[in-house]
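Everything on this sheet refers to the single structure shown next.
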Amino acid sequence: MSMKYLMLLFAAMIIRSFADSGNAIETTLPEITNATTDIPAIRLCGPEGDGYCLHGDCIHARDIDGMYCRCSHGYTGIRCQHVVLVDYQRSENPNTTTSYIPSPGIVLVLVGIIIITCCSLSVYRFTRRTKLPIQDMVVP
């Protein structure tokens, strides 16, 4: 947005706030025409941008002077010169999620720890409930 448009919008908000508070002010705002509506926000560079981007498209932004690169998937950098490592690439579909499945060995170790803990707790509770010393439980 241009600065003139923002200033007119701000002035209209102030005028509306005065009108809502009971201080009626009548004014007419000038018609705003935007000459840049015919120019797309982003357009391709053309022949002068051939070879500027190594792995992507050369573009011109309407509000910023200069050539910029829109990198292809898997590349990054000012001129798309760096390869993104496969481990760090984001999916093209933002709705996909990556799930990590633990190895069976880790699952077995965790289940074993849980079983040993449960058995130890049950023996501890049994000895507290019966209040028998461990030596008395052993038959000579």
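In case you wondered, yes, glycine gets a Cβ from its N, Cα and C as well.
Among the candidates CYS53, CYS58, the disulfide partner that Swiss-Prot records for CYS45 is CYS58.
Looking only at the disulfide-bonded residues CYS69, CYS71, CYS80, the one with its C-alpha closest to CYS58 (disulfide bond) is CYS69. Remark: of the disulfide-bonded residues CYS45, CYS58, CYS69, CYS71, CYS80, the most isolated position is CYS45 (fewest other Cβ atoms within 10 Å of its Cβ). For the domain 'EGF-like' (41-81), DSSP puts the residue distribution at 3 helix, 16 strand, 22 coil.
The Cβ neighbour count for CYS53 (disulfide bond), using a 10 Å radius over every protein chain in view, is 23.
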